[in-house]
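Pulled from TrEMBL:
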- 6-24: transmembrane segment (TRANSMEM)
- 52-71: transmembrane segment (TRANSMEM)
- 77-97: transmembrane segment (TRANSMEM)
- 109-131: transmembrane segment (TRANSMEM)
Amino acid sequence: MIWIELSLFMLFVFILNLIVKFLLRRLMKIEKENKPFFSYNHINALHRKIDWFIRITSAIALIVINCLIILESYSINLLLIATFFFILLDYAVRALFECKYSQNPKQYILTISEGILFLTAIIIMFDYLLIKLS
């Protein structure tokens, strides 16, 4: 039952993200970029290097944190904080590069809105899971 609820919540967040992006595009007159789904959309070579550094660092850190939670009985909140931090860092770097180096600098507004929505959804989901599983 919990998986159905989480799936519906993720679907709701996805649809809400589409609506927010659509409205922001209309209100702010932001051009739509044709990007493939699940692709590496780096602005330039420096962005690619920084993004990969963040990805590798976050993967290693999250593995270590999971080991600490399982083996040393650390709080699950540590995982929430680390996940929140790395996602915030990823979206902040992407928004910075879109603002400074992109051909369409207004695109960073959509990135920031998506990041805020995604981080809020993660907090709600973790909070829900902690309450539901307790």
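Counting begins at 1 with the first residue displayed.
Each Cβ is built from the backbone N, Cα and C atoms, and glycine gets one as well.
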Q: State, in range form, which of 52-71, 77-97, 109-131 has the highest count of Cβ pairs under 8 Å to the transmembrane segment (6-24).
A: 109-131
Q: Residue list, the transmembrane segment (109-131) vs rest of chain: Cβ under 8 Å, 6 or more residues beyond ends.
A: 2, 5-6, 9-10, 13, 16-17, 20-21, 24-25, 28, 30, 76, 80, 83-84, 87-88, 91-92, 94-95, 98
